[in-house]
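These features come from TrEMBL:
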TRANSMEM  6-22  transmembrane segment
TRANSMEM  34-56  transmembrane segment
TRANSMEM  76-95  transmembrane segment
TRANSMEM  116-139  transmembrane segment
TRANSMEM  151-174  transmembrane segment
TRANSMEM  186-204  transmembrane segment
TRANSMEM  216-236  transmembrane segment
Amino acid sequence: MRYLFYLLLGLLPSLIWLSFYLRKDKHPEPNSLIITMFVWGMLLAPLAIVLELVLIWLMTPSSNPLDLLSVGQSTVLWKILLAATLIPAIVEECLKYSSVRFRIIRNSEFDEPTDAMLYCIIVGLGFAAVENLLILFKISFPDFGQALGTIALRFVGATLVHALSGGIVGYWLSQGIFNPTKRKKLVAIGLSLAIIFHTCYNYLIVAAANNGEPNLIFFVIALSLISTALIVSYCFRKIRQQQSVCKIT
């Protein structure tokens, strides 16, 4: 019972956002392909954890990688910034982009400008679902209040961040498709912006958890998420005006 409850609860935020963003596609994608890319996003999460721990260990071989993810007074600031904010953002955004780049971009169903944004978002939501599950399974059962509170915060926080960062990368990927000679540069811009956005969110969460007055930080987080969500929505509207993709090279 516990596992089923937490499984459904952990998937719920991603499924809600997935339903929201799928409505932005005028020509619905095949359900089989949506599920496939969502599952790919889920499979990337364990790989990301391993890669992040390895990179953190390489940064400070004499330390326990897990210790660097917890903030203490003796923790060096630059280690916090790298281990808890920048490294996860780089690893996760690059992995999510790679799955779209190598698994879907040459698929015959990938035939509209919005598809790049949509599939990047789908992968991100699959990734976020596993993160939600890992956090929920740490909560003692049947503490429904804590579980619901946690998942509500992640619905408007981390899960949305993964969707928005996917949208950012997807937008620039779509521009790269229309400008093959500038594709690498445009994708690099998209990844850089997504990593910066993701890193800033991670940093603000760490700061809020270790700040006696977190209200201002939470306000900044909310403002940044709302602003980015509006930008991503604008990007959807903008690329709808571009011609359909006839051939992906």
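The backbone N, Cα and C atoms fix where each Cβ goes, glycine too.
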Other than its close neighbours in sequence, what residues sit by the transmembrane segment (6-22), given a CB gap under 8 Å and a spacing of at least six beyond its ends?
28-29, 34, 38, 118, 121-122, 125-126, 128-129, 132-133, 136-137, 139, 141, 147-148, 151, 154-155, 159-160, 163, 167
Under 8 Å between C-beta atoms and at least six residues away from its ends: which parts of the chain pack against the transmembrane segment (34-56)?
14, 18, 22, 65-66, 68-69, 82-83, 87-88, 91-92, 95-96, 99-100, 103-104, 119, 122-131, 134
I need to check the long-range neighbours of the transmembrane segment (216-236): which residues 6 or more away from its ends have a CB within less than 8 Å of a CB in the stretch?
24, 114, 117, 156-157, 160-161, 164, 167-168, 171, 197, 200-201, 204-205, 207-208
Against which stretches of its own chain does the transmembrane segment (116-139) lie, if we need a Cβ under 8 Å and a gap of at least six residues from its ends?
6-7, 9-11, 13-15, 17-18, 21-22, 24-25, 29, 34, 37-42, 44-46, 48, 92, 95-97, 99-100, 104-105, 110, 146-147, 150-151, 154, 158-159, 161-163, 165-167, 169-171, 173-174, 177, 232, 235-236, 239
